[in-house]
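As recorded in Swiss-Prot:
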TOPO_DOM  1-43  topological domain 'Extracellular'
TRANSMEM  44-64  transmembrane segment
TOPO_DOM  65-86  topological domain 'Cytoplasmic'
TRANSMEM  87-107  transmembrane segment
TOPO_DOM  108-212  topological domain 'Extracellular'
CARBOHYD  Asn128  N-linked glycosylation site
SITE      Arg163  site 'Essential for the formation of the channel-pore'
TRANSMEM  213-233  transmembrane segment
TOPO_DOM  234-238  topological domain 'Cytoplasmic'
TRANSMEM  239-259  transmembrane segment
TOPO_DOM  260-388  topological domain 'Extracellular'
DISULFID  Cys273-Cys383  disulfide bond
CARBOHYD  Asn282  N-linked glycosylation site
DISULFID  Cys301-Cys368  disulfide bond
CARBOHYD  Asn353  N-linked glycosylation site
TRANSMEM  389-409  transmembrane segment
TOPO_DOM  410-449  topological domain 'Cytoplasmic'
Amino acid sequence: MSTSHGYRASWWTNILHQVPHTNFQFEVVDNQFAPQEWPYQQALLFLASIAGLCLAISLILICVYLIRFCCCASQEDDDSKNHRVCCVTWSCVAAVIICCAGIGIGFYGNSETNDGVYQVTYSLMNTNHTLTSINLLVSDTVELLSSVVKSDLTQLEEIFSKRTEFLVMIRNTRRQVESVAQQLAEISFWKGTELNPNVLAEQVNFIEDYRWLAYILLLLLDLIICLFTLLGLAKRIKWLVIVMTVVSFFVLLLSWGSMGLEMATAVGLSDFCSNPDGYVMNQTQMITNINPDILQYYISCNQDVANPFRQRLTTSQRALSNIHSQLHGLEREAVPQFPTAEKNLLAVQGMLNTTEGNFHHLVALLNCRGLHKDYVDALKGLCYDGMEGILFLLLFSFLSALSFTAAVCSLPRAWKRFQNRDLDYDDMDEDDPFNPQESKRFVQWQSSI
């Protein structure tokens, strides 16, 4: 389980994490998230292939039903045919209604997934802003200290060259300034790493845009098929129902395929979300070679993990305090004797004030709470909203696949019974919900009221 403060794996994550992981040899595989390992990839592909098995079963059922329909249709009497037409029509309507309900679920799931991924990208950009601010603040402060050492402190050494006690104080100040610069330079832990959170956020956002668009198109396609199927049944347009039957068959393949992809994604994501800290720490350390203590500090952010920057920050703070004392002593004792040194001492004092302001800002940025909050927000977006959205998309694909399986079985029987619209409809079943005669009587009855 995750030890991150503020994040806890959800119950559906724990349930999916317990799904058996089996490779192609039907051997149990460890359910720890390891997408780079072939056995784990086999386990996810095996789960995705379950949808392929369901597709094969649905195709067999469709074939058996259509064969029976073709062979047994001629043996039915007229009353049985009319009754069956009514049942088939209602079956098609029920399948379309279920599909429409699935489409609504799909739109919600797609939106939830998009919200979760957006939260991840937003957190990555915040993380990049914090890390960039640390690097810029450190580099600016180190550059400022170096410039003071090269200019003002060097000039002060020349001015106090004949006074040993003042020269010793200036050289001590110089060593402490150089020590502060060195300590701060070592704090910039993310500088020069190959992992850029902003680039990663752009890549994730790019992939998510196409994923979101693909699902929107699939949902709209399903909705259009449902509407045109109802139109064809209501108006008894044979060619339209035939076209919708063919299109429904291809969408049936897409539905089972998307279900397999969503099933593998949901299980893989649950494996990650059940214990994200270990995977994130190992991968980040492998790519960036950052000290594991630093990564553990920001990932855990609790009292049990010491601040890895504490010693450097404490040393720098003491050095800045000593520099303050020495500068005050020089202003009090040296300036009356060396008036030309006042300008350089004021410049060093201004540098010291700026450095202390940057130092306090740097301490706030280095605190684990900011980066840890971004990390937890990313986990919540991915493992709460993202996981919930994928599960709703999985339900949509399942309902869509079942609905189109029923439609492909039922629509051929419906279009075969359609009569030419110019013929007499007296022999039609009065209980048929799309009987044109019944609709005509209803319109006449309304006009007479």
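Just so you know, the numbers here start at 1 and follow the chain as drawn.
Here the Cβ of each residue, glycine as well, is placed from N, Cα and C on the backbone.
Proximity of the transmembrane segment (213-233) to the transmembrane segment (44-64) is not established, fewer than 3 Cβ-Cβ distances being under 8 Å for residue pairs spaced 6 or more apart. For Cys368 (disulfide bond), the nearest of the recorded positions by C-alpha distance turns out to be Asn128; the candidates were Asn128, Asn282, Asn353, Cys383. A gap of 30 Å separates the Cα atoms of Asn353 (N-linked glycosylation site) and Cys301 (disulfide bond). Of the glycosylation sites Asn128, Asn282, Asn353, Asn128 has the largest number of other Cβ atoms within 10 Å of its own Cβ. A straight line from the CA of Arg163 (site 'Essential for the formation of the channel-pore') to the CA of Cys301 (disulfide bond) spans 51 Å. Cα separation, Cys383 (disulfide bond) to Asn282 (N-linked glycosylation site), rounded: 19 Å. A distance of 17 Å separates the Cα atom of Asn282 (N-linked glycosylation site) from that of Cys301 (disulfide bond). Packing around Cys273 (disulfide bond) is summarised by its Cβ count: 25 other Cβ atoms lie within 10 angstroms of its Cβ, all protein chains included. Remote same-chain partners of the topological domain 'Extracellular' (1-43), defined as residues 6 or more beyond its termini with a Cβ less than 8 Å from a stretch Cβ, comprise 266-277, 279, 299-302, 372-373, 375-376, 379-380, 383-384, 387-388, 391. In the predicted model, residues of the topological domain 'Cytoplasmic' (234-238) average a pLDDT of 83. Of the recorded residues, Asn128 (N-linked glycosylation site) and Cys301 (disulfide bond) place their C-alpha atoms 18 Å from one another.
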